[in-house]
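Student: Before anything else, here's the structure in question.
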């Protein structure tokens, strides 16, 4: 099933229809009618991700049984009359949804059901993301493509997709730890009585899981050391770190559903910064490891990164991890190795 809806508004805001501005880019989203996908689509269409001067075509992938729901979402997108939205593709075929894609947000994933072991979940998702990796390899725009994996286990799903796309640079794949990063910023701002924009040089190391390591040791608040400003290592170790690590579970316990709006917002932040840069500021991205800081080559591991204004990321170099940090780093590294081992027979 494949449906394309095109627009040609005549409003003054529609600069592209009047022959001005940029050509549209193609943004593919999997699990498009799900909770996170629903939150994402409207923000992308409004220009929150790529800017108010960038026309887009949304290319939505769903399961066959969810195509009617996707039709309803597409109707809502139509009804918003977004000037930047030049078309919508609805498909249950990965190669169609990824055709010519410049951006791909892989949101849809198999959730863990009652009684399911983690190894079973890994293998179920390995099958999904191997298919999607092959489809990206065959039909996406390899020269411009940026892939963000949101569906969990995100780091290992990114690894699987990338390994199944041998003709695409593995550095064009990433997994999302920006939600963890944003959660940490909010906790630190609250603790220090400051704005989130006052917090700098904070980062997430490792896996998007309960082993992730939110690291404040290099951080500053209004230019002053976070460690010195907080001056409470017990709070950092016993409150802050577990709160960030377990925030997703806490939200499920509170609302009965997993994070959706905050996850979508983090995905927007991740892709916007990866495209336009971070103005010299640190952010956290799970990216292809070349062995930096001892993270095994080939893993998708969260590092502190800076992105330049051309969209090229660089891992922050020269950081010295203390013993506590190194222990946390090693724990999350070992978990990622274990996950990779659990799906090794499905990796090319």
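The backbone N, Cα and C atoms fix where each Cβ goes, glycine too.
Swiss-Prot lists these features:
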{"type": "TRANSIT", "residues": "1-9", "note": "transit peptide"}
{"type": "BINDING", "residues": "31, 32, 33, 34, 35, 36, 37, 125, 132, 150, 151, 152", "note": "NAD(+) binding site"}
{"type": "BINDING", "residues": "112, 118, 152, 183", "note": "substrate binding site"}
{"type": "ACT_SITE", "residues": "208", "note": "active site, proton acceptor"}
Student: In whole Å, note down how far the CA of residue 183 (substrate binding site) lies from the CA of residue 33 (NAD(+) binding site).
Tutor: 25
Student: So for residue 33 (NAD(+) binding site), how many other CB atoms are inside 10 Å of its CB?
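Tutor: Within a 10 Å radius of the Cβ of residue 33 (NAD(+) binding site) lie 23 other Cβ atoms.
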Student: What count of other C-beta atoms do you get within 10 angstroms of the C-beta of residue 183 (substrate binding site), across all chains shown?
Tutor: 21
Student: Could you measure the widest C-alpha to C-alpha distance across 112, 118, 152, 183, the residues recorded as binding substrate, and give it to a whole number of angstrom?
Tutor: 25
Student: Long-range same-chain neighbours of residue 112 (substrate binding site), Cβ under 8 Å, sequence gap at least 6?
Tutor: 118, 121
Student: At the level of the C-alpha atoms, what whole-angstrom distance separates residue 31 (NAD(+) binding site) and the residue listed as 'active site, proton acceptor'?
Tutor: 19
Student: Which one, from the binding-site residues 35, 152, has the smallest tally of other C-beta atoms lying within 10 Å of its C-beta?
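Tutor: The binding-site residues 35, 152 were compared, and 35 has the fewest Cβ atoms within 10 Å.
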Student: Where residue 183 (substrate binding site) and residue 35 (NAD(+) binding site) are concerned, what is their Cα separation in Å, rounded?
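Tutor: Residue 183 (substrate binding site) and residue 35 (NAD(+) binding site) have their Cα atoms 19 Å apart.
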Student: What are the non-local neighbours of residue 37 (NAD(+) binding site), defined as same-chain residues 6+ apart in sequence with CB under 8 A from its CB?
Tutor: 29, 30, 31, 60, 73, 107, 108
